[in-house]
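For 635-649, the entry in TrEMBL reads compositional bias 'Low complexity'. Annotation source TrEMBL lists domain 'Calponin-homology (CH)' at 122-239, 267-370, 392-498, 513-621. Sequence annotations record features per position, and here TrEMBL assigns region 'Disordered' to 632-655.
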Amino acid sequence: MSGFEGVLVSDQWLQSQFTQVELRSLKSRFISAKNQNGKVTTGDLPHIMMKLKAFKERHSEEEIRGILSESDPQLSDEIDFESFLRAYLNVHGRSAEKVGGANNSSSFLKASTTTLLHTISESEKSLYVAHINSYLRDDPFLKNYLPMDPYSNDLFNLAKDGVLLCKLINVAVPGTIDERAINTKRVLNPWERNENHTLCLNSAKAIGCTVVNIGTQDLVEGRPHLIVGLISQIIKIQLLADLNLRKTPQLLELVQDSGDIEELINLPPEKILLKWMNFHLQKAGYKKTVSNFSSDLKDGEAYAYLLNVLAPEHCNPSTLAAKDPSERAKLVLEHAERMECKSYLTPKDIVEGSSTLNLAFVAQIFHQRSGFAVDGKKVAYAEMMADDVLTSREERCFRLWINSLGIVSYVNNVFEDVRNGWILLEVLDKVSPGSVNWKHASKPPIKMPFKKVENCNQVVRIGKQLKFSLVNVAGNDIVQANKKLILAFLWQLMRFNILQLLKNLRSYSQVKEMTDGDILRWANYKVKGTGRSSQIDSFRDKRLSNGIFFFELLTAVEPRVVNWNLVTNGENDDEKRLNATYIISVARKLGCSIFLLPEDIIEVNPKMILTLTASIMYWSLQQPVDEIDISPSPATASTITDRSTTSSINGEDESSSLCGEVLNLSLDDTASDTTVSSVIENERDLI
């Protein structure tokens, strides 16, 4: 592999304010401006910064000019890259003040993790450490390092080799990572450590985490704010995993009639948790409605009522009688302890209204004692509804793919969340920049139904411009949540994205349009080139079911990545599942961002098979020709490519950040134009 060359800044404090991903994106923007004008002056900065996503919706160009002129009145002075970074921090600080302060860097899903103006809550850190100590204490490898001290840097030091984060992902969503693919030696070389972090980041995206601004080098360095931000997302996904009808059909008790069931199915898990809490509070006689996990819980009364109705045998009358909120919070936690409910927060955390810690506490109460009665008829009905709606593997794949793009919106349920058209417009703008006419788009919340139809009509119109098959399809079909149509549209959108990314790589050799057949021929050629006989006729070829072809393809593009001692013959269902699980983890470990499940390989789902093959191809075409098949020696093992996600800060597609955009098929952003050209030149006769 080629050596990793990070963006170095002489001022260590200044460098610590950015991730390598952010530095590379800003450096690219700075160099681009310098190449155009010959130099960059303070006067150029407002125009440059208005193109950055962080500022374009918060400031006008004149406002940025005013902010910069306060610190540097001479707008004609030439500036270097470090001065550019300081100016960026200056404007970013004003942006944070304008919206009421910087966002908490360890906030859960939706926002991209950032390092700017970051803070770490020691209470949250202690919660995460206690959670990890509890759930991973018996792990065969990690038990030698646990328990960790929450008041030390144990968490960040242990996270540096990637094993802890991979194991935590499997706690949150069991089976996500085939642990045979994790490098678990006591001392890892840089290559093995990088592989673990690449596997971690791709797997985190595959369970719904937002990792747009986190790269492998950031994890290797043990950057506290990024590690805490990632862990917070993983733990939240674990805590909220059962808050759906498929996992907990008893949730049907929360609705009064069948008309409300669809609404319950479409609620995000946080809203379901609040609905559950209010359901029991109403039964307990609590007069207020809890609408958040912060201010509404500060006085501890809601907790007292909730625990009294769920565990009356542990009730303490003095809890509600307490006048001091801190004293009441202390009694609440004692009540929770008597019912053996894990609570990683303190009375102070409740009184201060920590939304993160309160959400975790309420989720723990739900897991310990949900308070639902067992109604066989309702459970059977809920299970039927859940199986009909929530088990769609394609819906899951598209949801995770959309959430990996780095768009502003976050999707909880594809069928419900795309109905107003806004999210689809965001995705289209990401996949085909400039295709959306935002002047004719309505941003949520949208009260007028015809505005939703207008958004969706524009979605269909753009789809037709991109040559999607949309015969007799209208925007109202999306508004009405036609599931078959929505899935078909999203597949065409995802496929278009895949082919565009590959076409962009091939554009250097000026050849024809990329097709599915090109990907198939490339895969067969790569396998044949290793001397193996496996070949496939199509992405529906049933021979793919045993997984052997994919192992051979992965070995062809990177001989070190597959441990053939772990590969079975795939002669029965159990062996096929072992192979399929290992294939997915190996591909992610290599650098492929994929969202399929083992069942997709076993059942040969042609759509998902195409995405897997294309992601391997995308990774392969970025590798330097003379190093693709060379194993690292001890002398060169320290120069590892940083396969960081490269979504740029300005949110626009750029050739320098191709890998981090849209589908994010690879985490390697260091391939140069020359490298890609040389790879394609050798293979252009195939495709």
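Any Cβ shown, glycine's included, is placed from N, Cα and C.
Contact between the domain 'Calponin-homology (CH)' (513-621) and the domain 'Calponin-homology (CH)' (122-239) is present: at least three CB pairs lie under 8 Å, with pairs separated by 6 or more positions in sequence. Across the domain 'Calponin-homology (CH)' (122-239), DSSP helix (H, G, I), strand (E, B) and coil residues number 75 helix, 0 strand, 43 coil.
Here the domain 'Calponin-homology (CH)' (267-370) has, by DSSP, the following mix of helix, strand and coil residues: 70 helix, 0 strand, 34 coil.
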